[in-house]
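Undergrad: Right, I'll just put the structure down here and ask away after.
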């Protein structure tokens, strides 16, 4: 692809998200989401493979359906209330429809079935964009709607944490595992959205950092399934040592960064007299933890039965940029001591 076309598509991605961020009118927000979708579709077909074309088609149809639902719901809200302002959502019918449309856009369960299949058909770089940047604009709209006392959000959150953990147990493809990991993390964010939007933003930020690190590690190792992780020691021994800690941080184990949002979310749910919901969410997190431990075991505690042909890869100079990976890996492993400062900021 020409660098000019690539720059135009990336600019379109950024502009679409920025328009949605800055808009207070539903039509402008819808336009930003559509620009986002249309900009990423050529990037998804960079790898000329039938799986990539199939994934792109599924993604386009899903996003078009969600955008049509969003437009219909916002029009219905304007019919009922005479308002196009995003923050003036008062009627329960358009609020429910828009929440479901945005859930379909980001891949929340039970409307999640497209996400693992789409992510499996993409390369790791485009999958990283789909798992991180593409979540920002729909989350901005969810935060602006802020439906209060909505059992729909609780149901979506609990279902996502359960499906995200359960679905990843039987997978061997890393991209599908990361898709189910994304579903589970999004469920935690949705659970606490109506009680503490700032806590949802914190969970989203930590998820972005941890997912960024994970995708870059797999991209550096050129790993797409669990079996290829066994060759990590020969490819990048210095990176393979902290990589299991990164995966455990995704699972939310202390004393790693991933424990911070789950800890604060469980604390907030308990404050809202939702101890049963908090208990169920914590139990479903154990399902996700299992497949992170499985990946850690395959990466750090097993060796490939075959010798790698040719020169040992770690002796060759690496041409990949490792500064973003280094920065995000440090953030993934060591930000838990900042929790008191974060809680202070959240209470301001």
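Placed from the backbone N, Cα and C atoms, the Cβ positions cover glycine too.
Pulled the feature table from TrEMBL, pasting it below:
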DOMAIN    23-287  domain 'NADH:quinone oxidoreductase/Mrp antiporter transmembrane'
TRANSMEM  59-80  transmembrane segment
TRANSMEM  92-115  transmembrane segment
TRANSMEM  152-170  transmembrane segment
TRANSMEM  177-195  transmembrane segment
TRANSMEM  201-221  transmembrane segment
TRANSMEM  233-254  transmembrane segment
TRANSMEM  274-293  transmembrane segment
DOMAIN    289-342  domain 'NADH dehydrogenase subunit 2 C-terminal'
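Please situate the listed features within the shown structure.
TA: Within its own chain, the transmembrane segment (92-115) is flanked in space by residues 33, 58-59, 62-63, 65-67, 69-70, 72-74, 76-77, 80, 134-135, 138-139, 141-142, 145, 147, 150, 152-153, 156, 159-160, 162-164, 179, 182-183, 186-187, 190, which lie at least six positions past its ends and keep a Cβ under 8 Å from the stretch.
With a cut-off of 8 Å between Cβ atoms, the residues of this chain six or more beyond the transmembrane segment (177-195) that come close are 103, 106-109, 112, 115-116, 118-120, 127, 131, 135, 139, 142-143, 146-150, 153-154, 156-165, 167-168, 171, 203-204, 207, 211, 214-215, 250, 261-262, 265, 268-269, 271-272, 277, 281, 284-285, 287-288, 291-292, 295.
With a threshold of 8 Å between CB atoms, the same-chain residues lying at least 6 positions outside the transmembrane segment (233-254) that come near it are 181, 185, 210-211, 213-214, 217, 220-222, 261-263, 285, 288-289, 292-293, 295-296, 299-300, 303-304, 308, 312-314, 325, 329, 332-333, 336.
Counting only same-chain residues 6+ beyond the ends of the transmembrane segment (274-293), those with a CB under 8 A from a CB of the stretch are 154, 157-158, 161-162, 164-166, 168-169, 171, 177, 180-181, 184, 187-188, 191, 247-248, 250-253, 262, 265-266.
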Undergrad: Sequence-remote contacts (6 or more beyond its ends) of the transmembrane segment (201-221), Cβ cut-off under 8 Å?
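TA: Those are 124-125, 127-128, 131-132, 135, 139, 143, 174, 178, 181-182, 185-186, 188-189, 192, 228-229, 231-232, 235-236, 239, 243, 246-247, 249-250, 257-258, 260-262, 264-265, 318, 320, 322, 324-325, 328-329, 331-332, 335, 342, 346, in sequence order.
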